[in-house]
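Here's the structure we're looking at; comments come further down.
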Amino acid sequence: TPCFFSLLYLSLSLSLSPPPFADPSPNISQNPNNGLVLLVLFLLPRRRRRGSRRSASHRPPSPPPPAAVAELEPAPCVAYTAPELSEKPAPSFAPAELRRILDGHDVELRDRIFRLMEESPIFRRGRVFAAPDYNQTKEQQREATMRRIWHLKSRGVFDGWLTDFGADAERRILASLECLAIYDHSLSVKLGVHFCLWGGAIKFFGTKRHHDKWLKDTENYVVKGCFAMTELGHGSNVRGIETVATYDTNTGEFIINTPCESAQKYWIGGAANHATHTVIFAQLLMNGTSQGVHAFIAQIRDADGNICPNIHIADCGHKIGLNGVDNGRIWFDNIRVPRENLLNSVADVLEDGRYVSSIKDPDQRFAAFLAPLTFGRVNIATTAVYISKVGLAIAVRYGLTRRAFSISPNGPEVLLLDYPSHQRRLLPLLAKTCVMSCAANYLKRIYLQRTPEANKAIHIYSSALKATLTWQNMITLQECREACGGQGLKTENRVGILKGEFDVQLTFEGDNNILMQQVSKGLLAEYLAVQKRRRPFKGLGLEHMNETCPVVPDNLTSCTLRSSKFQTNIFCLRERDLLKRYADEVSHYQAQGESKEKALLLSYQLAEELARAFTERTIFQIFLEAEMSLPPGPLKDVSGLLRSMYALVRMEEDPPFLRYGYLSLSNAAAVRKEVMTLCSDLRPHALSIVSSFGIPDAFLGPIAFDWIAANARSSVSSDY
């Protein structure tokens, strides 16, 4: 063996290092490559070599020389063709019509916000496409965010956001933040903290004395606010926060203190650099008795940006996204704030030190106290759908121009979106995003029309949709990133960076898993109330529980699978069955001696399945109502395809449909087959659907357009 490797090394050395003036003739004695050939022949087993000689006389005659082969033509260079030119036939419906349905409101305002960003060098940075510079440090990104805020303020974008009361102002804020998030999530979050959390707390937790003092200055950015609720040791469990506010009857002040490290305020947007004031959430102690969590206004920096005495602030550091937001940590060392700084819409402390509240029950008082915070949850849910649209618009347009492989000799390479597998990856996500857009609009509508009696339902809907829509956003962005191949990794192509920027949506303003458990608990409470009082279900879309249980046909045909009646029935069947199973399981654990709280914890799997069933039935019915309101025509036909795709894909994806027998194995196979057919049916409409999203070209990135020209050598700049 050592001899073998020595010879092999010598032969390879000879073959790889020919003499500089070697004769190129095929003479075996002078061709250095023949050293390797001779070595291999020498090392072949003797028996095989003898056998080869013996069989030489029996070899078949050599075939005649082949006819002359035509010279191969070089393949033509790949060329870009805009999908608007290559997609035939023309769209069957006007994208603007679908946009009005998907956007739901304030289309003109949205276009104005987009134009302001497109036309400003602060946003455009002298480039074809508008996007933040992710090569900047986090400090540079934060200052760039503030410059953009000042620019928008100078153009009057924020006028009336806080000083106008009523649904119109809130609706304008939601539309504006959705559009601004398309450019940069840091920008929309920074504005959301200032206007919706800090400003919203003053507007809804406070009373006239707070409105008069703070709202106008907040709207004009004389005051820059933040929202100090989350602590290192407590996030979702707001009731457990440890910061303490003790009332000093001698001075008429609240003394606010951070008693331990776990009580430090954490992830406070705006605190690290820019905020001058904050709303502090703390346990209120009155004469040694805790009155629960309350909110207080405190100044944390002076007009020159210096941190106030007895306040310590640290930076939360670099993050996987949102580095244009200055998240900070805050410690309070017995700072004093005047009695009037208690936000007192729910409860108050009078001059004589008495604690008063119009709501006696602590649980109801806490619920009323937090109800206004739902606005942030609504904004997160609706923004998630908008960002899914960005990812899909980019990935679909790329799939309509990028080709790979041919399926016939000498045939053209096939467009990515003409592959059934690529359609199966993107088109169900396209349908889900359209259907969920209508659900997001419904959530905004019921929030803007809210009444105290509707708070419970709004909490359930906002929790369910915030969780579901943000989860779906991350799934969509991941699939779009992969569908764009290596180009999806470039930040300028947007899809990949959006994943990091929006990952936070899954846990801020409520951890998604906890929110879905709250949804199931709310549904269980409604179910038990109906059973106890022997009254019909009313509200939350549960009226179908009053009807007879629907039956699924044994053999589902294509016509039945696409029927809105069948789809409604099977979504309702799943929800009613899971609600009963959940109630029975909780009751079973209680019968075994477990407390109600422990029984709920042990039943978490059914709780998750029930919350998902409720949410998806809600989303489906909202879109169905929108579809039914359309006149007959191409748009209604396409809406039917989107609705069927959403319904059947969820039947295919959600295990309970098979686990609990809502679908037989044969029916599940029929669903899978129909999804493939729907992909083919939706394919001709893909470009029109993403065009209906109304997102200007400048916000999509190079890969959505002429990606060859964008990557040409002539386009390389010193920035890279």
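Residue 1 is the first one shown; counting continues down the chain.
Heads up, the Cβ atoms here are built off N, Cα and C, so glycines get one too.
Feature list (source: TrEMBL):
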type	residues	note
SIGNAL	1-22	signal peptide
REGION	51-72	region 'Disordered'
DOMAIN	96-221	domain 'Acyl-coenzyme A oxidase N-terminal'
DOMAIN	226-334	domain 'Acyl-CoA oxidase/dehydrogenase middle'
BINDING	Thr230, Gly269	FAD binding site
ACT_SITE	Glu509	active site, proton acceptor
DOMAIN	568-701	domain 'Acyl-CoA oxidase C-terminal'
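Looking only at the domain 'Acyl-coenzyme A oxidase N-terminal' (96-221), the predicted model's pLDDT averages out at 95.
The C-beta environment of Thr230 (FAD binding site), restricted to residues of the same chain at least 6 apart in sequence and closer than 8 Å, consists of Lys265, Tyr266, Trp267, Ile268. In this structure, Thr230 (FAD binding site) belongs to neither helix nor strand by DSSP; it is coil. The Cβ of Gly269 (FAD binding site) lies under 8 Å from the Cβ of Val189, Lys190, Val193, Leu197, Cys226, Phe227, Val325, Asp326, Asn327, each of which sits 6+ residues away along the same chain.
For Glu509 (active site, proton acceptor), the same-chain residues that are 6 or more apart in sequence and have a Cβ closer than 8 Å to its Cβ are Leu373, Gly376, Arg377, Ile380, Lys466. With helix defined as DSSP H, G or I and strand as E or B, the domain 'Acyl-CoA oxidase C-terminal' (568-701) counts 110 helix, 0 strand, 24 coil. Secondary structure by DSSP for the domain 'Acyl-coenzyme A oxidase N-terminal' (96-221): 92 helix, 0 strand, 34 coil.
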